[in-house]
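Quick look at what Swiss-Prot annotates:
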- Gly621, Pro622, Asn623, Met624, Gly625, Gly626, Lys627, Ser628: ATP binding site (BINDING)
- 804-833: region 'Disordered' (REGION)
Amino acid sequence: MNQEVKQSEVNLEQHTPMMQQYLRIKAQHPNELVFYRMGDFYELFYEDARKAAKLLDVTLTARGKSNGEPIPMAGVPYHAAENYLAKLVKLGVSVAICEQIGDPATTKGPVERKVMRVVTPGTVSDEALLDEHRDNWLVAISAHESQFGIACLDMGSGRFSVFEIEGEDALISEIERLRPAEILAPDLLTLPPGVRNKAGYRGRPEWEFDIESGLRSLCAHFATKDLDGFGCRGLTVALGAAGCLYAYAKETQRTELSHIASLVVENPDNTVSLDAATRRNLELDINLNGSEENTLFSVLNTTATAMGGRLLRRWINTPLRDLHTLHSRQSAIAALLENYRFEQVQQELKHIGDLERILGRIALRSARPRDLTRLLNSLAIYPQLQPLLKSAECETLATLASEINEFPGLVQELDKALVENPPVVIREGGVIAEGYDEELDELRGISTNAGEFLVKLETQERERTGLNTLKVGYNRVHGYFIEISKSQAEKAPAEYIRRQTLKNAERFITPELKTFEDKALSAKSRALSREKALYEQLIEKLNEHLRELQISAVAVAELDVLNTFAERAHALKLVKPEFRGEAGIEIEKGRHPVVEQVLTDPFIPNDLTLNAQQRMLIITGPNMGGKSTYMRQTALIVLLAQVGSYVPAEACRLGLVDRIFTRIGSSDDLAGGRSTFMVEMTETANILNNATSDSLVLMDEIGRGTSTYDGLSLAWACVEHLAEKLKSFTLFATHYFEITALPAQLPTVKNVHLDATEYQDNIVFLHNIQAGPASKSYGLQVAKLAGIPGAVLRQAKDVLHKLETGKPESPAPVASRSSKPSMQADMFAEPQPSKVEKRLATVIPDDLSPRQALELVYELKKLI
């Protein structure tokens with residue numbers, strides 16, 4: 001807590017009762033901004049006010065004094081609070097929402113207030129605060145030595161999972177995969193900067209990660225003796241992380257977490273490992289600029305539902321090594337392609353809302369009326385999906401059909417209970433339909449019939465009193481009244497009681513009108529209370545079916561993704577990959593799924609073969625010739641196959657890979673103090689230390705960040721290690737043409753190159769993969785395309801000619817440049833004999849006399 005509040009707490013009597021109440025509440029929430037409800041505003045005080053004014057761009061004012069100094073204050077209107085909360089959550093700031101729970105009209109002193117919820121980046125469930133296209137992960141991390149336990153919770157859907165991994169590299173990879181909104185970790189745990197510096201990082205006390213405490217709290221939640229039924233036997237640190245995460249979730253939500261119905265234990269051995277560099281380089285769902293444009297996800301995502309889009313993103317980031325699941329997904333895609341069934345399914349899915357998050361809000365008792373309307377409309381679609389799935393004669397789709405259960409009772413109940421277009425919130429009523437509840441209809445009838453009563457009373461009183469200016473009215477301040485003009489006011493009957501004097505009229509009340517007023521106003525209040533009670537009963541009734549509804553929502557999301565795969569297979573001309581028992585990758589006319597969609601010209605497809613006899617391809621060719629595209633398309637085709645999708649090729653046969661590694665592109669890490677070359681070597685080290693014979697490795701331009709000798713030596717050694725020791729399936733792109741000599745020594749290494757041709761001093765890229773090494777790099781032609789000045793190109797051409805003809809003496813200097821370019825010998829070029837060597841080659845030592853030998857020494861000395 002800030003120092004000001006701490007000082008103030010010592011002398012609470014110096015403050016007003018209201019501020020004393022605030023300070024006590026703030027003391028319980030030192031790490032959150034406290035939104036303190038005062039009438040129509042949420043107010044913030046002291047350092048909270050200063051911080052909010054800066055982050056939210058609201059006015060910083062003052063209220064009263066503390067120790068003689070004005071108390072800083074800022075506020076936001078309660079009706080617009082969601083917008084401000086959304087901004088704070090995106091900035092990684094947590095907020096405690098303190099509401100008035102007492103009645104100001106009947107309370108002496110400060111109105112009773114209580115923190116009703118704590119909004120944190122990882123625990124939000126409100127629709128306005130969430131990105132519908134992304135999971136919102138709350139992650140807890142615990143550790144013992146080099147082992148990390150990770151627990152993940154998506155509060156919106158109730159998805160809860162745990163797993164254990166080894167080493168910091170694996171931890172960074174998982175954080176990159178999950179991209180959590182909030183991270184909980186022990187205060188004293190040392191974590192990599194890439195984890196600890198994330199927005200939303202929260203240090204927590206060590207005791208919150210106690211394994212035994214975590215186990216007890218989770219068993220209590222799931223009402224089980226142990227967690228073996230969830231597959232948790234053998235887990236240790238992950239249970240400590242899960243216990244902390246669960247306690248934190250309960251603390252922030254202030255209600256039961258009934259939508260957390262299961263705990264999933266993820267097994268890293270069942271998935272393809274993708275490190276952080278690979279996810280970045282392959283641009284799976286975020287491109288190198290940080291947006292979704294031109295990513296694999298953007299090309300594949302034609303899902304009809306928000307929850308389907310989120311599941312697609314998870315699948316893309318978690319390719320599988322489970323053949324049963326992959327074959328199951330493939331069979332569903334094939335069935336949905338039959339007779340264009342996917343088109344009919346997609347039309348129905350478009351009417352289904354974000355059920356996962358709607359059900360999460362229902363469980364947390366924070367669902368709004370329109371959530372229930374969307375649920376009703378979604379459940380009404382289920383019967384239309386059933387025949388489409390059951391007629392497919394596909395086991396996978398039949399299973400989904402059984403899980404997408406029909407809920408006729410709930411549909412009928414919701415349809416009867418809700419008006420067609422309910423208001424956003426229940427606060428003002430108007431949500432429950434007429435005819436649903438007799439008591440509510442009666443109370444509403446009193447208010448509705450008030451107009452008729454007033455007209456009737458006005459007519460009656462005019463006739464009885466003979467006062468033609470008499471009229472009956474109502475306003476919120478004074479309630480119901482009888483108004484008579486000044487000129488006739490003195491003739492008012494004795495039973496008329498004066499209520500208000502106006503400039504031109506007097507207003508009265510009568511015992512009869514007062515009785516009606518009490519009844520009408522009471523009826524309105526009672527009707528609103530009754531409506532809120534009925535709404536809460538609806539929520540409870542839905543919670544009774546929560547688990548079945550959640551299962552159906554998960555099945556709908558899976559159907560949506562499989563249907564999207566079918567639609568994409570049809571639209572993009574994708575084919576079903578064939579999985580084989582033996583290791584290897586064979587692709588016929590493969591295409592890059594993203595680049596193909598961006599190009600205006602036809603994409604040039606290429607073949608690829610990697611097997612036991614050919615485990616590595618050394619790829620040479622000009623820059624812009626397509627080396628990186630060819631490498632990335634191979635990785636994306638393999639990844640798509642192991643997601644269960646069809647792939648962009650004419651045919652694809654492969655064995656399962658366990659990991660995909662990429663070392664492509666150049667970037668530094670200035671924040672971490674690492675140069676471009678250091679980043680390159682760190683990524684290379686990760687590959688060499690972790691790749692296996694079942695891994696796919698892409699390495700591009702290893703060694704270019706240092707001198708020619710160092711770089712070439714490193715590249716050479718990497719090729720040998722990958723080919724001879726690791727035996728990984730490798731695509732190795734390089735500009736070191738000396739590397740192309742290695743296939744002569746390493747039988748499983750082959751040369752290929754990207755074809756190009758030269759026409760009138762210009763380069764034409766053919767983008768075709770050909771056997772053998774490239775004949776030249778076309779570097780000067782690419783430089784010309786890039787706009788390098790002509791004078792520089794002419795000088796470079798002169799230098800190149802002298803180097804290629806074996807005359808590395810300095811070329812004539814350019815007028816504007818007096819320094820001579822330094823030349824570096826080709827490490828593996830055939831050495832040219834010197835004059836001394838040539839002279840010695842003609843000498844027969846045994847034929848020389850001592851004098852001739854001495855003369856030869858003098859002769860050779862002159863040649864040096």
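Even glycines carry a Cβ here, placed using N, Cα and C.
The model shown is predicted, which means the values in this text are computed figures rather than measured ones.
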DSSP state at Lys627 (ATP binding site), helix/strand/coil:
helix
Mind giving me a neighbour count for Ser628 (ATP binding site)? Other Cβ atoms within 10 Å of its Cβ, every protein chain shown.
21
Looking only at Gly621, Pro622, Gly625, which of these binding-site residues has the biggest number of Cβ atoms within 10 Å around its Cβ?
Gly621
What are the other residues, in sequence order, whose C-beta lies within 8 angstroms of the center of the C-beta atoms of Gly621, Pro622, Asn623, Met624, Gly625, Gly626, Lys627, Ser628 at the ATP site?
Thr629, Leu754, Ala756, Phe765
Cβ neighbours of Met624 (ATP binding site) where a neighbour is any other Cβ within 10 Å:
18
